[in-house]
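A.B. asks: Pasting the relevant annotations from Swiss-Prot:
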COMPBIAS  81-91  compositional bias 'Basic and acidic residues'
COMPBIAS  94-111  compositional bias 'Gly residues'
COMPBIAS  209-245  compositional bias 'Basic residues'
COMPBIAS  246-256  compositional bias 'Low complexity'
COMPBIAS  257-271  compositional bias 'Basic residues'
COMPBIAS  284-295  compositional bias 'Low complexity'
DOMAIN    7-82  domain 'RRM 1'
DOMAIN    119-197  domain 'RRM 2'
REGION    81-116  region 'Disordered'
REGION    195-303  region 'Disordered'
Amino acid sequence: MSSRSSRTVYVGNLPGDIREREVEDLFSKYGPVVQIDLKVPPRPPGYAFVEFDDARDAEDAIHGRDGYDFDGHRLRVELAHGGRRSSDDTRGSFNGGGRGGGRGRGDGGSRGPSRRSEFRVLVTGLPSSASWQDLKDHMRKGGDVCFSQVYRDARGTTGVVDYTCYEDMKYALKKLDDTEFRNAFSNGYVRVREYDSRKDSRSPSRGRSYSKSRSRSRGRSVSRSRSRSRSRSRSPKAKSSRRSPAKSTSRSPGPRSKSRSPSPRRSRSRSRSPLPSVQKEGSKSPSKPSPAKSPIHTRSPSR
């Protein structure tokens, strides 16, 4: 009886809608689970008894899951007989490190469940219907997930998952690579590998820069069209402004043309004036005496 109690842990403060499979996902990473006795009362919270094959696995589970934040519920994990000596020792030895099997209450409260970490994996081959919550539920089988994200690009649906410690990340790489991913709409096999900041961080940035370049090119085309429309709208004004000085210039040489117009007249008059003056003087002088002389010659014989 005592040996079994040393292999069984009590898990308290569970959500009211938790399932037995989720409890197994929480504790299977610490060792083979023999039995799970889940109790979900009408009024939450729920609780469960998890029996391991080895007492050392139970100790590891207490170290890793006591104080763990599961969907906003702070789990309470201790030996099934009620002793909390191991979990108290856990708080004293694991809170400061941050890379232990789990998080203590103080550490979990300060970090929160959605804090980013450097222990990151990349998940490819996700169905298009996958959400960040679906990804988080699937990757919990490998360890403590503190962040999950799903984004879509030309290559398909990809996920990024952060674990709270290095051991969980390594375990997830071994256990969850090339495994079946399922949600309420579809399923498929996913590949899991360690996240490479140099190679993997470029793809989202490229997509973002591509969208920005589109917006910039559109903005430029609009600005060009606007500038063209403005230049076109201004062109009549420019023409009018150009015409106005043209009119002024046409008006200003107007008198010049008038002054020029009489100049040929003057030249003509000058050219004509001497000619008729000579002709008039020559023609008029003989013409006038001719009729005067003619009657004289006619009258003289009459007399």
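For all residues, glycine too, the Cβ spot is worked out from N, Cα and C.
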A.B. asks: Run through the domain 'RRM 1' (7-82) and tell me, per DSSP, how many residues are helix, strand and coil.
C.D. replies: 23 helix, 29 strand, 24 coil
A.B. asks: So how many of the residues in the domain 'RRM 2' (119-197) end up helix, strand or coil by DSSP?
C.D. replies: 20 helix, 37 strand, 22 coil
A.B. asks: For the domain 'RRM 1' (7-82), what's the mean pLDDT in this predicted model?
C.D. replies: 87
